[in-house]
Amino acid sequence: MTDWSRRRFLQTGAALGIAGTLPQTTTEVSAASPTLEKFVQPLPIPSVREPDGQRDGADAYEIAVTEFTQQLHPDLPETTVWGFDGSYPGPTIEADAGSPVHVRFDNSGLPSEHLFPVDDRLGGTTAENHPGYDGPVPEVRTVTHFHGLELDPANDGQSDMWTSPGGVEGPRFDSAWQELPMEQGRTTSTYHDHTLGITRLNAYAGLLGLYSITTDAERELGLPSGDYDIPLLLQDKEFNDDGSLHYPEEFVSAFLGDTAVVNGAVWPYVEVEPRRYRFRILNGANHRSFDLQLESESGSGVPTMYQFAPGHGFLESVVPIGPNGDLDSLLLTPFERGELVVDFSDHAGETLTLANGADMGPELTDLVEFRVSDPSTPPEDASADPTSLSLPTPASYDESDARVTREMTLGTEVRNGLITHTLNGHVFGDEDAPVYPQLGATEIWELQNESGGRHPIHLHLVTFRVIGRGPDGTQPPDPNELGPKDTVRVDPGERVRILVTFEGYTGQFPWHCHMLEHEDNKMMIPFVVENPVADYANEENVVDATGLTDAVGDWRNETLETEVLLEVIDQWRSGDEVA
């Protein structure tokens, strides 16, 4: 066992310790799903969505959000789900970097009654949970967030920007169209529901899909493509005997299903050739972490998984994962991603399983079966050897660039019989946004987890670099964390340090735990990005001579940083409106 593996084992064990400490009402206890035979249906691949046309020079998509039935296993009756364009998961949206996309999600086809019971004890389910809003809060509401996209607030799909099938609009709803500039590096991620108080229900019902942004640098790597580029969207669910999805009637803080669902199919198999494949793996579960490794049916050796990206950009170097790798397994908390190349060349005729070693709740060890063909002639494979990939150099970063270091202590307390999450001793959401980063500023956030369970922390708007973890935050990140990320695992008793630059847009953005039950139970709070240059703009939002004089005066009085003064000067010289 490598040093990384020992640390991973201890982290996993600590994260699971919460099960023995929480009140009985916080975990899901139910009758098991019907017994279903594994690996009797092929893995479905989500279709790639073609644009419906153009809108203001952007590819335009009009996507219906509806309720329908879908066969998730041959031995189950059809299951009622929600989805995008009549499919669960939704179709994949692909874009080139710099090519804008506009999307309109139309939920008018959803029923007025939710697929699952809505617990109105949770914030967001009644009007009193929406400050400054006294309108109706329908049971069925949706809003779609493109996880990991750099967007202005109006297009970010934030939790109080929902709409209902009957046309009721949430307090911060802005437009039916979401305008996505796609002006960022290569990305593999998900679009998913993000509605205040019912995200866990809407996502569990099926409201998520994949999107990707491709760059020329990615194409030049020679990664497996076409039929050899396979997405794996991992989830866990429970079923009733009639095929319907089971979810608890009252809120539980940790839902763990007993059945693996991958790309909308229960325990599927994949027929692969003895050659290299690319896998884009997303943990789309409500709460469950997946600790992934390959296992051989015969007990023989397994191919190494070579991770080259964590969802954004690229890692500093390719990380081999497996018995002889730098890591024994790939640990993904909810909504983390891992992008891999696996070479099946030496395993013709064998059967392999993607297995889960994270021992959480109902045992869920097997996920997907790979059946490697044994052709008489080896298949052609022009893709690059993953051991010799020359990855683009990630953007440099330096801790000394940080203007501010912020302590973010995560804890819990019990209120009204519910586990409630706290930030620096205050219940999430009981106060206004505690942080106001300046546009362009780099900060260090120290995430100290004093609660009893794991938290995958996600920041909207930005990507960040993990710079330390462990009990005091001084241990190096895992090798497959050395790249741009938008979600980071913070285990109990651990301090995780991230370096983040707030750039692109000003305004209000949420950061939250991405365990959906935690998120719905108020473990979400905004940060507000402010542009200090705006303080020196006139009524036309332009820095004039008066504003420049004021800025110089503040700098001389040592109340304005030199960096901000230089930005004010540049803004005055340009004559442009302040962003």
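Sequential numbering from 1, following the chain as shown.
For all residues, glycine too, the Cβ spot is worked out from N, Cα and C.
Among the candidates His246, His460, the one that Swiss-Prot lists alongside His194, His512 as binding Cu cation 3 is His460. When Swiss-Prot records His147, His192 as binding Cu cation 2, the matching candidate from His455, His514 it lists for that site is His514. Looking at 162-191, 372-401, the stretch flagged in Swiss-Prot as region 'Disordered' turns out to be 372-401.
Only residues 6 or more beyond the boundaries of the region 'Disordered' (372-401), in the same chain, are considered here, and those with a CB under 8 A from a CB of the stretch are 217, 221-225, 228, 271-276, 278, 306, 308, 313-318, 320, 341, 343-345, 347-352, 442, 444, 465, 467, 482-484, 499, 501. In sequence order, His145, Asp156, Gln158, Ser159, His458, Phe509, Pro510, Trp511, Glu519, Met524 are the same-chain residues whose CB sits within 8 A of the CB centroid of His194, His460, His512, the residues recorded for Cu cation 3 being left out. Among the recorded positions Asn449, His458, His460, His518, the ones whose Cα sits within 10 Å of the Cα of His147 (Cu cation 2 binding site) are His458, His460.
Helix first, then strand, then coil: DSSP counts for the domain 'Plastocyanin-like 1' (82-214) stand at 13 helix, 44 strand, 76 coil. A count of other CB atoms within 10 A of each Cβ picks out His194 as the most crowded of the binding-site residues His194, His455, His460, His512. Annotation: Asn449 carries the greatest number of neighbouring Cβ atoms among the glycosylation sites Asn449, Asn557 [cut-off 10 Å, Cβ to Cβ]. Cα spacing between His458 (Cu cation 1 binding site) and His512 (Cu cation 3 binding site): 6 Å, rounded to the nearest whole number.
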